[in-house]
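The structure appears below as structure tokens.
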């Protein structure tokens, strides 16, 4: 039976890719040889920051983790940036302005190339990186090597608005046109597992089964019928087809969204959840009226969909927090949605479109329907595999060739 399973899946995958070749080339993604569309870069204005939230919030660079001194265990994690395309002020003559986190270095090196391309003959200049002298605010990310203050090498202040925009494009998690004399940029912590994690729920999350009882995510099995939502917004019970990821020991960074009625849902930053800007919707249909967003992009004051007496309703998010937990589970249902801890989420992650992800998982659903129709044994699911599903891995591997990068999760 295991042999039939793999042969059938390979056949479905081949048919799917052949039938949808033109879609993969010309649809939401970028086909081989097709140039990426250009767009006009708009400079930041004085005192503007991107994103438009505080630096230490989850949607930006995140919380500080503590100062790093030369005697700290974390000091060894700082990297010295020797990029010759960057000018480091280093007024302390200690090399501190060349020291930064790995993520900060990666973004800074990318920005250095953008600066030279945008202004030939001009280089990126760093006036401050890691700070060991205590001259910044108490919770400054300079103390962790997670922020830099930058200018252009010619110190032409008329360029600074565009420099800030280039920093945003380079992938800094928070960019601030802080003063007339420099741009401030910062990044998430390297230890933030959000940078490396996929989309999952913790094992303690609860699901509602068809008999009205609840089951933890860690106890869930393929074939279980759990509460989901159809494309028309109807609450129904849908079978779990498989797990896109399942690992009881891998640590993950989770976001917990708390609503005004004390409900909460916990999921990884790259997982999609349905969100509404307001609660004025007359007919609550998250598939039609809501927007599927990465959990890390949800903001306090926005609304998520929760269940109440057998119906869906919108409820405001009043608080968000992050935590690190062991274990991650990503079940996929026939409808592609799932109600977790009384709140509605997509089954998908990493790609910012629920519909694209649902369409891409068509082969898995087809296989499920055919095995049900043929009454094939599901013995291959009796022992659940640990890790990312092979088909999910394949989709992720080919995604750079068929999708625009701005559709992919980029912490």
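Keep in mind that glycine also has a Cβ here, set from the backbone N, Cα and C atoms.
For the Ca(2+) 2 site, TrEMBL records 128, 131, 133, and the single candidate of 65, 92, 169 listed with them is 92. For the Zn(2+) site, TrEMBL records 142, 184, and the single candidate of 149, 173 listed with them is 149.
Each residue contributes its Cα atom, and for residue 91 (Ca(2+) 1 binding site) and residue 149 (Zn(2+) binding site) these two points are 13 Å apart. Under 8 Å from some Cβ of the domain 'Hint' (309-353) lie the Cβ atoms of residues 28, 58, 62-63, 193, 197-203, 205-208, 217-218, 220, 226-231, 233, 235-236, 238-261, 263-268, 270-274, 276, 278-279, 281, 284, 286-287, 292-294, 298-303, 360-361, 364-365, 368, 396, 399, 403, 407-409, all in the same chain and six or more residues away from its ends. In sequence order, 127, 128, 129, 136, 140, 141, 147, 148, 178, 182, 185, 186 are the residues of the same chain, not among 142, 149, 184, whose CB sits within 8 A of the CB centroid for the Zn(2+) site. Using a 10 angstroms CA-CA radius around residue 97 (Ca(2+) 1 binding site), the recorded positions that qualify from 131, 133, 245 are 131. Looking at residue 133 (Ca(2+) 2 binding site) and residue 184 (Zn(2+) binding site), their Cα atoms lie 18 Å from each other.
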